[in-house]
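The domain 'Epoxide hydrolase N-terminal' annotation in TrEMBL covers B:37-93. Summarising the annotation, TrEMBL assigns active site, nucleophile to B:Asp158. Per TrEMBL, the feature active site, proton donor maps to B:Tyr292. The feature active site, proton acceptor is assigned by TrEMBL to B:His347.
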Amino acid sequence: MSNSFKIAVSSTALSALKSRIESATFPDELDDAGWAYGVPLADMKRLVARWRDGFDWRQEEQKLNNELPQFTRDIEVDGFGSLNVHYVYKKSDRGTGIPLLFVHGWPGSFLESRKIIPLLTKGSGDSQCPVFDVVAISLPGFGFSEAPKKKGFSLSQYVEVSHKLMIALGYTEYVTQGGDLGSRVTAGIARRYGGMHSKAWHTNVLFSMPPENDDPSSYTASEKEGLARWQEFQRSGSGYFQLHSTKPQTLGYSLADSPVGLLAWIYEKLVSWSDNYPWTDDEVLTWVSIYWFSRAGPAASIRFYYEVAHSGQALGTKSSPPTIPMGCSLFPKELIRIPKSWYPGVGDVVFEAEHDKGGHFAAHEQPELLVGDLRKMFGKGGPVYGVVTGRDGYN
Amino acid sequence: MSVELPFQISIPDSKLDLLRQKLALTEFPDELENTGWNYEEAKLNQDLPQFTKDIDVNGFETLNIHYVHQKSSLANAIPLLFVHGWPGSFIEVRKILPLLVQSSPQFPAFHVVALSLPGFGFSEGAHKPGFAPEQYAEVAHNLMLSLGYHEYVTQGGDWGYLITRIIAHKYGGKHSKAWHTNFPLATPLNFSVNPILFLQHLFTPYTAAEKAGIERSKRFEKEGQGYFHEQSTKPQTLGYSLADSPVGLLAWIYEKLATWTDSYPWTDDEVLTWVTIFYFSRAGPAASIRIYYEFIHSANGSQPSSFEPTIPLGVSHFPEELRITPRKFVHSVGNLVFQVEHSTGGHFAAYECPDELVDDLREMFGKQGPAFGVVPGKNGYEQRIRANL
């Protein structure tokens, strides 16, 4: 049974946050540090001042509730009992929408569906344009979903809960879109439920290991550059990944106790992973507030990394690729870029689009481009048109 | 000549009040409410004679350095510089200090200097980027010179290992006469670089202790290095949490205190004192971790082998150290003249096993030891008056 949900942060929580922000203590900064050592002090002071004085959570909360129809329902997960899952759910305005499950990542949330939902559900006014029924889940431990209480809730479980949500909504067949951790979850869905339930999947981040007979001398210049960026990311931008994957609890004390610490932790990625996206302070603060006010608290979400790393499902573990058709959208500032010769390890790529702007948070940074790709992929004349029985996105 | 000023730790009430205010917002006020900091502060001031002095560093601003300095009653005691690491501090000298300065016919005495590294404890931190381990070494060396110790020996673990290694390389022979470490990081042997050692290592089976140590090192690499990676790439981002959240800082440091020691029975007050030094440090808790970033980004970063000291080296192995260096590898660290293996103890050797560490230093520098008399005129023993013939 689904329950309609409205975000309603208690006034106790709001005033507790205010007290912490008011007693915020800042570190110093090295001269002319810029972004080299992490988030610059000036950015932090400005954001915290806004958080303290001007940012109006109630207004943001109301806007979110108005724009995004939200629900919760209990989903059984094998070995973990029932979890109350929060999700956004909007049917297409017309016709029979293609059921699309959108899965966010970290430090994202259901919020990342905000801009693409109107485009996906309304269409473009062009009758050739397909429409979608969109489900944007809050992964367990994120947003307003419950977190698992037991150890070992790993990729398989995120896959299971996401699939079961679609089934519970009456969609025995559906398609998926995901980036960041969402890409791993939707790949897992494609593997386990592909064919019978998941009919096609789209992602904005591709990852696989190189094939056996890989020949690096055949890489194009842009492929080499992409790999170099990935290596640089591992060298200088993946400290968070190592910490999340090994000591999430230790880090969690900071994230749960200090809104300033949480803000820095997330904001660093919002800026460094996007393609010069002009974040407004309120946008950032709304994004971070979702973590601060999340049902399970800010320390819960990062356990995802630990569980995946310790369950034999770490990135790079060999596994056979899903067989259902897949599409990908390549944005230049995405963190990982693999050479085309590695694609067979990812899946059966039937649609690929490359863009000259946009980064890691594709749905938020370039909603029109991303939705344009989904329309091409799933629409009439596209490679997976009609892939969901009886729900082709048209009248 | 910069002036030495006596120093007493004295955290103002306003800072204590703010800390209490923050702690009141957390969920565990009871344990931390009565931190008894004033009592701990008084004990520290009583146990450890402290001072501050301005020290120049080439290419950087003058830094006001905090240090512990205690002379032995024996005039020609061996001057010893003790260098801490992270998440350590000058507090790590606390237990070995009274033992080292002791004078006896049975073992050598030492004059002890234990600095707070820049950015730690009550030393100023550098404000310009690029203040790397070589600069820390320069500060420590200049401090010894300014105290009149033109010839001295060193003891260090963690960052103290690398810093005293640099001291041994740059100032060794003329100033630093010998060095001792409990954290002998060695790079794997390379046939082309040390062919004899390489072959010896190849044909020397690992002891049980070495095997266990190698397993431990692998586990540390796999599960325990997240902090290192973050601190060496985004120390400022992490720094906001450490500066703003005493609870976050406590967790960050306590995790290491517990996992890097050999079942050391930390009392809560011990832990809190240790962490409070970081919380109320002069440069703030975010400053100390910058050493990781500067190390990785420096010209000699990740290449400690570019420092090749030739002065005598002593090594003490403690089984629960983070990285275990097999015996043959240790020879590539420096001119090894003394090596001892212990059956208990971890990363914070001076704090966990003060007696054992001091025994090792007494043996290394003692009358029968390989580094006896290494500082001319200061062998740590009573001068015997010779009758004029």
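Going from the start of the chain as shown, residues are counted 1 onward.
In case you wondered, yes, glycine gets a Cβ from its N, Cα and C as well.
The shown structure was predicted, so the numbers you read here are calculated from the model rather than taken from an experiment.
Location within the structure of each feature annotated in TrEMBL.
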| residue | record | DSSP class |
| --- | --- | --- |
| B:Asp158 | active site, nucleophile | coil |
| B:Tyr292 | active site, proton donor | helix |
| B:His347 | active site, proton acceptor | coil |
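For B:Asp158 (active site, nucleophile), the same-chain residues that are 6 or more apart in sequence and have a Cβ closer than 8 Å to its Cβ are B:His84, B:Gly85, B:Trp86, B:Gly88, B:Phe183, B:His347. Applying an 8 A CB threshold to same-chain residues 6+ apart, the list for the residue listed as 'active site, proton donor' reads B:Trp86, B:Phe228, B:Gln231, B:Ser232, B:Pro235. In terms of DSSP helix, strand and coil, the domain 'Epoxide hydrolase N-terminal' (B:37-93) has 15 helix, 20 strand, 22 coil. There are 24 other CB atoms within 10 A of the CB of the residue listed as 'active site, proton acceptor', with all protein chains counted. Across the residues of the domain 'Epoxide hydrolase N-terminal' (B:37-93), the predicted structure has a mean pLDDT of 97.
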